[in-house]
Amino acid sequence: MNNINLVIVSLVIAIVAIQPLAQEQTDVGEANFVTVLSIDGGGVRGIVPATLLAFLESKIQEIDGPDARIADYFDVIAGTSTGGLMTTMLAAPNEKNRPMFAAKDITNFYFQHSPRIFPKIGHTFDEAQPYPSQNEACEMGRTKFMNSVVTVLGEATGPKYDGKYLRAMAKMMLKNLTIKDTLTNVVIPAFDIRRLQPVIFSSAQGKEVAWKNALLADVCISTAAAPTFFPPYYFETRDVDGTKHTFDLIDGGVAANNPTHLAITHITKEAVMGKYRFSGPEVFDGRRMLVLSLGTGTQTYNDLYTAQKAAKWGLLSWIFTNGTAPILRIFGDAMSDMVDIHVSTIFQSLQVEKNYLRIQEDNLKGEATAMDISSPENMRALEDIGKKLLKKPLSRLDVETGKLEPVKGEGTNADALARFATLLCAERKRRNPA
């Protein structure tokens, strides 16, 4: 059985399971669509989707006014790693019970805090300095070599960053807010290295099960604890009877760097449990979803890694080569692409491919590919990449080739986001008529 047939069979089974339950529900705002936002992991590259979200929110505000916020328009926001931090910023309440951050403020957050989350390590030479003498050059060469050795040995024997600033900042910003306190439902994954299984934090579960109602600060720190970059994170929660539950967590990107499918699964589970009721006779499937999935960018690999080069690699080379972690990058990109292929196949098989909008930059180069280069120059470059991405033609995944192909007649990514904003506003108005 090919992949498309398998997906269709799975959907039929899901629909059969959902339909009887849907008939027992009461209407909740006469929903026509469930709206989903998904944000990939990628460290400082989160500036790219942050730029896209600022544009989307501005388009929503053109329709519904300046007080409109992203969290008002999405039933579920899912985010992994840096996407989990962004999810929290969009959905956590401030003292006025409105979103803590407007989308336009998130990029400034990255510019302000990234240099302390990812502090510069080692020494780089200023090209503007006078040409050194032979003795000076030898000394500089030795220094550069020793710095490289220290960097490699440090990254081989411990995390690159201690994570103290990220932890302190998250706790200061979020205080005692828990995941059930968010203004819309959020879904944020992490991975438990003690139990060797994913842990999915969600507002829905936090409201129903006491020990799953973790502090938002703990959730953010956990989903961002990328192996080799930050140390794992331990915390505890308590059940209503005082039973202790422990968590030994690392970055959710090892399980779901692109959390789109995770969000769809969550929505489907909620529908099965009777949390949604739709106007009209149709049952719940992809035709009842509006999904926006934002990537943090990928590199055009070309000859970056080849079989000939990797044939000589040992354990350390797979972990650290030319300033990158090949095994982490390959796993992360592979998982994200597989999610895109699977989700695209679902929507295309139902002939509602326009209900799923995935925007991803697939041609990152140089420092922009790194998740932790927080220099002002690189962050400005990432913001510029996001702005240029808005002007690029809308692309959709070809499920046969796995490549993004421009879609004729549908304009740019900016045009697609503007259309999406219109749909979001129409859906909100439908549920909350004046």
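Using the three backbone atoms N, Cα and C, a Cβ is placed for every residue, glycine included.
Marked as active site, nucleophile by TrEMBL: Ser81. Counting every protein chain shown, the Cβ of Ser81 (active site, nucleophile) has 33 other Cβ atoms within 10 Å.
TrEMBL lists Asp251 with the feature active site, proton acceptor. When Cβ atoms from all protein chains are considered, those within 10 Å of Asp251 (active site, proton acceptor) total 29, not counting its own.
When pLDDT is averaged over the motif 'GXGXXG' (41-46), the result is 96. Positions annotated as motif 'GXGXXG' by TrEMBL: 41-46.
Summarising the annotation, TrEMBL assigns motif 'GXSXG' to 79-83.
Marked as signal peptide by TrEMBL: 1-22.
Across the fold, the C-alpha of Asp251 (active site, proton acceptor) and the C-alpha of Ser81 (active site, nucleophile) stand 6 Å from each other. Note on the motif 'GXGXXG' (41-46): residues 79-86, 110, 114, 118, 223, 226, 229, 251-253, 257, 295-297, 332, 364, 368, 370-374, 378-379, 382 of its chain, located 6 or more positions outside it, place their CB under 8 angstroms from a CB of the stretch. Assigned with DSSP, the residues of the motif 'GXGXXG' (41-46) fall into helix, strand and coil as follows: 4 helix, 0 strand, 2 coil.
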